[in-house]
Ligand code: AP5
Ligand code: MG
């Protein structure tokens, strides 16, 4: 099963990709997680893109395209994958088309007001990318990751200013991919406003 999760920031792509990846035993490939890992490890790529990412801008296409090409080349992605947060521009979608076929693109839908609520309460386990919400999806112990017990953090791009920028970038550069994949006949809209369990049930139905 080769899937792309498309949608605005905070729509629940990462949360649902994590659950579906476990359920279907296919890798969850989040370019955001890969890029944040590079920033944390202070690699050349990480140093180059830190400021862009924290301000809510897009990393240049050539960098994200080669990241994804390398990741999809690994053996665990041969039978299937969930691409979360890639592609985000038409150029990335064109490049992806040359790398692999896709079975379905899930278009997560959520309005701006709800997006802001979700992002401002989000907490993340840095090392794994596991994601919580202080109200909607709290960890078992406040401020601690359920699995490792380590501290949870707020993402540096979850500030008011950066959220606004990410929404603007989404509208201008990523939303055109909705009609791109609609024309290919592989787009499924998913209302992301219900509870996590309800969204997951709809997602399972959409990919079955
Ligand atoms: P990325 O990490 O992809 O961020 P994003 O697209 O802004 O999306 P988010 O991760 O913020 O949201 P999400 O949809 O995963 O929501 P989540 O599940 O966490 O990218 C970050 C940056 O990296 C970009 O800005 C860019 O700089 C760079 N980048 C990445 N990919 C790139 C690319 N291809 N090209 C160029 N640059 C790239 O959920 C949000 C919150 O809601 C959580 O707290 C969660 O617990 C909660 N929640 C989830 N579902 C529900 C529900 N159903 N009900 C209630 N709460 C819920
Ligand atoms: Mg995410």
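Each residue, glycine too, has its Cβ placed from N, Cα and C.
Whatever TrEMBL says is automated annotation, not expert-curated.
Since we're looking at a predicted model, the values are computed, not measured.
According to TrEMBL, the feature ATP binding site maps to 10, 11, 12, 13, 14, 15, 122, 131, 132, 194. Per TrEMBL, AMP binding site is recorded for 31, 36, 57, 58, 59, 85, 86, 87, 88, 92, 155, 166. As annotated by TrEMBL, domain 'Adenylate kinase active site lid' applies to 122-157. What TrEMBL records for 30-59 is region 'NMP'. Annotation source TrEMBL lists region 'LID' at 121-158.
Feature annotations (TrEMBL) mapped to structure.
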residue	record	Cβ neighbours (10 Å)
10	ATP binding site	27
12	ATP binding site	28
31	AMP binding site	21
57	AMP binding site	17
59	AMP binding site	18
86	AMP binding site	24
88	AMP binding site	20
122	ATP binding site	21
132	ATP binding site	22
155	AMP binding site	17
Exercise. Taking the Cα atoms as reference points, how far is residue 31 (AMP binding site) from residue 10 (ATP binding site) in Å?
Worked result: 15
Exercise. Using DSSP, what's the helix, strand and coil tally for the region 'NMP' (30-59)?
Worked result: 22 helix, 1 strand, 7 coil
For this session: Show which residues of the chain containing residue 14 (ATP binding site), separated from it by at least 6 in sequence, have their CB under 8 Å from its CB.
Result: 28, 30, 32, 33, 84, 85, 129, 131
Exercise. Which one is closest to residue 88 (AMP binding site) in space, judged by CA to CA distance, out of the binding-site residues 10, 122, 132?
Worked result: 10
Exercise. Closest to residue 10 (ATP binding site): which of the binding-site residues 57, 59, 86, 155, going by Cα position?
Worked result: 155
Exercise. Relative to ligand 1, which of the binding-site residues 14, 31, 86, 155 have a Cβ found under 6 Å from one of its atoms?
Worked result: 14, 31, 86
